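Q: For Glu354, the entry in TrEMBL reads active site, proton donor. Sequence annotations record features per position, and here TrEMBL assigns active site to His385, Lys500.
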Amino acid sequence: MAEYRFDEHELHGQLVIQARKMSDNSTHLKNLIADESRLASFSVNGGGLFFDYSRQRMDKAGMQLLFELAEASGARNRFARMAAGEKVNITENRAVLHMAARSFADVPIMLDGRDARAELMAVLDKIRTFTNAVHSGEVNGSDGQKFKHVVVVGIGGSYLGTEFVARALEAFADRDIQLDFLANVDIHNFGAIWTRIDPQRTLWIIISKSYTTAETMANEDLIRRYMIDCGLDPAKHIVTVTSKGSPGDQGGGREIAAFHMFDFIGGRYSVTSAVGGVPLSLYLGYDRFERFLKGAEMMDRHAINAPAEQNLPLIAALLTVWNTSFLGYPQGAIIPYASPLSKLAPHVQQLNMESNGKSVDATGRFLAEPAGTVIFGEPGTNAQHSFFQLAHQGKPFPVEFIGVLNPQYRMDEGCCKGVGHQQELWANLLAQATALAMGRENDDPAKYFSGNRPSSILVIEDLEPESVGRLLAFYEAKTVYEAFIWGINPFDQFGVELGKVTAGTLRKAMAVHNDNPADNFSGLDPINRRYLQMLSSGKLID
Ligand SMILES: O=P(O)(O)OC[C@H]1O[C@](O)(CO)[C@@H](O)[C@@H]1O
């Protein structure tokens, strides 16, 4: 069989023609959605979610072409091989087994002669035992009292997913533990946390797969020094989550407990491993973390087994590829109408943009056009009062709206204009999707709305731990499916390296200057030299 190449495939050419057709006025969304059967044909229910793509700029013939593209790309097959432990991360020769971390069916996943699933389940057991010991007070702070503050120290994939889930399930956080995140090397991040915690009752979880990440290492160093200054033994306040054999995987009593992550789970896919497991179990209780895992598992099963025409993450991925590569929208927004999902967009931003922001396909050949989509988002209705002017009348971008049927809080809302808060929220969500699609004629150009602006609505029944797990797994599967359709490898991230290496050069120049202030950053280029001179003097220089 000929190798699949996204931009050389004959279906690519047919989709280019289809995209021209969808630019014709007769295919304006206001005409497409006038069809009574539109929602029935362009929506799907599965994996515990409902996905409505009736307001996407697409017709049945186009969807048929997209499904053929999915078939030609072998995306579903590749997804199933990934789940079974095949080394689909070809540039790093690694398996990709984040789904094994929540696979409760007792089926081994053999990898290089060992059962990867059993290793993950053993870590899960250890998390349960440890968090129960912290909650009971058996493992406690320096003053013998229970830990009250937990601070996650990690960046990128070692933090964003956990922050998303923690915020989403904050309403369930009844363990009397405050959770903070120390990600940035910016001293404001540490300073703000240090001033509000009680160091004696604080547990720091250092999370780094590589245990070489500059920000995390600098923060760990600072924490240890501050604790020693307070007369505390850091070993009694630190827990680590790192990969086997990393520089942080030393044992030797430098921490209370150490949890392993594995090279077959990438940072941005690691929320359901010990990366999310340790802090989320401490914050929410282990049982809730397990319920979250089971929700993710439900969506995984759907993503693996559902036929293409019923497969939510696959359809959502096809539409992103369609919008990005054929209709030419370089960006897309995620707008959840639920404040607990306020950190979903930042998490998916990293998950998706670090995975799919690639210029080469999986065969190492440059793509005709780089892959990936710029992702941003804010909860609605706040977003409406922020950047929706541009969404309606400026440069268009596709929107993924998320609606929740049953909120976490049941309050006596009373009625304002005849409706409660939850109804008001939904009225706004539906209004935005409708207005973006329909537009509005007006003789005054300033008040004219072109419409024909695409959106989807993803509906969840509630924000219980299982539902949040489904949502997380939906976005992971969608990201991977997009990559497989583009024909790229979503599991490496060489693009983040150059900046890190360049920071090393600047760091070195600063260290030389610290040792010898007479050295005026001589080895640097003139632009960067000027900045470091301003930084060391604390003054603006012309
Ligand atoms: O867990 P680590 O090794 O500290 O890496 C943190 C993050 O940095 C990145 O490498 C990006 O810079 C991510 O992929 C990763 O999640």
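Backbone N, Cα and C define each Cβ position, glycine as well.
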Q: What's the CA-CA gap between His385 (active site) and the residue listed as 'active site, proton donor' in angstrom, rounded?
A: 29
Q: Counting across all protein chains present, how many other Cβ atoms fall within 10 Å of the Cβ of His385 (active site)?
A: 10
Q: Rounded to a whole angstrom, what is the C-alpha distance between Lys500 (active site) and Glu354 (active site, proton donor)?
A: 15
Q: Which residue, out of the active-site residues Glu354, Lys500, shows the minimum number of other Cβ atoms inside 10 Å of its Cβ in this structure?
A: Lys500
